[in-house]
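Here is what TrEMBL says about this protein:
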- 6-21: transmembrane segment (TRANSMEM)
- 26-44: transmembrane segment (TRANSMEM)
- 64-80: transmembrane segment (TRANSMEM)
- 87-105: transmembrane segment (TRANSMEM)
- 117-139: transmembrane segment (TRANSMEM)
- 151-172: transmembrane segment (TRANSMEM)
- 178-195: transmembrane segment (TRANSMEM)
- 202-222: transmembrane segment (TRANSMEM)
- 237-257: transmembrane segment (TRANSMEM)
Amino acid sequence: MEKVIHVIGIFLGLLILNEVFRRSKWLSLIVFVGIAGILTFTIWPTAADHPDATINTWFHTAKLYSAIAGVLIFIVIRYTKWGENKNLLIFPALILAVNILEAVARDFELGGQNGGIWHYLNGVAGLLSIVTISGWVGINVTKDNIKDMIWPDMLVFWIIAYDIWNFAYIYFCVPQHTFYNVAVLFSCTVPALFIKKGTWLQARAITLSAWMMYLFTFNYYVDNPNTYIMPSNNETMMLVVGLISFGANAAFAWIHFSKMIKEKRFGFGQEIHVN
């Protein structure tokens, strides 16, 4: 029961933190620059110094700092005039693509080390997710006090396909975090669908950064086998999940490129799905 409560607590905590950080530039800077900077030189260097640690890989360190970089870049876009420069709007897309590519590289790496076609299926799914990123020239900032970063061309179907891919990645590569990751994914998808549409990437950066900071700071607890829910290590199940991930992203890629070709929307960063 404690394990289930922990997962629910992560979801609710991240959901609340997203609402707090999207409303406060200064609190975001205090946490993601000030506190993160202090932890970088104090707790995080030795966070993986215990036998149960799962974060002693290049991937986790890269994910921690690339997610935080995303938050900071989005703050610049939201709160400065740089956000009005259409040429700089490629950075949200670039941060997203790099974030996905990190996981794709790890999937292929573990596929080569341990075997398992599911790693390659999911790696290709991740690449499809990258090449179907579009419409960043349409990114805009709301005129209200919150100043949300909105990406109109990012469809719900793309988000769902991404969530399936990311779930599969964690299940295959860091199975100890599978159910943690469900909470993390829901914490950014729920607000993007039901609180403020178009804010998925902003919410993803905030919640992923907060999760990674929690993971590194309290790793002795988070990675304790008595704390997490371990999924079944069943190869048939992993193959099914890999096929679903590939299928979902391939289906969206078909829709995406079909519309691009039909409507001749070939411009770099051009909106494909928004009229």
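Each residue, glycine too, has its Cβ placed from N, Cα and C.
Nobody curates TrEMBL annotations by hand; they come from automatic prediction.
Among the listed stretches 87-105, 117-139, 151-172, 202-222, 237-257, the one sharing the most Cβ pairs under 8 Å with the transmembrane segment (6-21) is 202-222. Here the listed stretches are 64-80, 87-105, 151-172, 178-195, 237-257, and the one with the most C-beta pairs under 8 angstroms to the transmembrane segment (117-139) is 237-257. Beyond its flanks by at least six residues, the transmembrane segment (202-222) meets 10, 13-15, 17-18, 21-22, 28, 31-32, 35-36, 39, 43-44, 47-48, 50, 52-53, 55, 60, 63-64, 67-68, 70-71, 74, 78, 95, 99, 148-149, 177, 180, 184, 187-189, 191-192, 228 of its own chain at Cβ-Cβ distances under 8 Å. Between the transmembrane segment (151-172) and the stretches 64-80, 87-105, 178-195, Cβ pairs under 8 Å are most numerous for 178-195.
Same-chain neighbours of the transmembrane segment (178-195): 3, 7-8, 10-11, 14-15, 18-19, 156, 159-160, 163, 166-167, 170-171, 203-204, 206-208, 211, 222, 228-231, counting only residues six or more beyond its ends whose CB sits under 8 Å from a CB of the stretch.
Long-range contacts of the transmembrane segment (26-44) within the same chain: residues 20, 64, 68, 71-72, 75, 206, 209-210, 213, 216-217, each at least 6 residues beyond the stretch ends and with a Cβ under 8 Å from a Cβ of the stretch.
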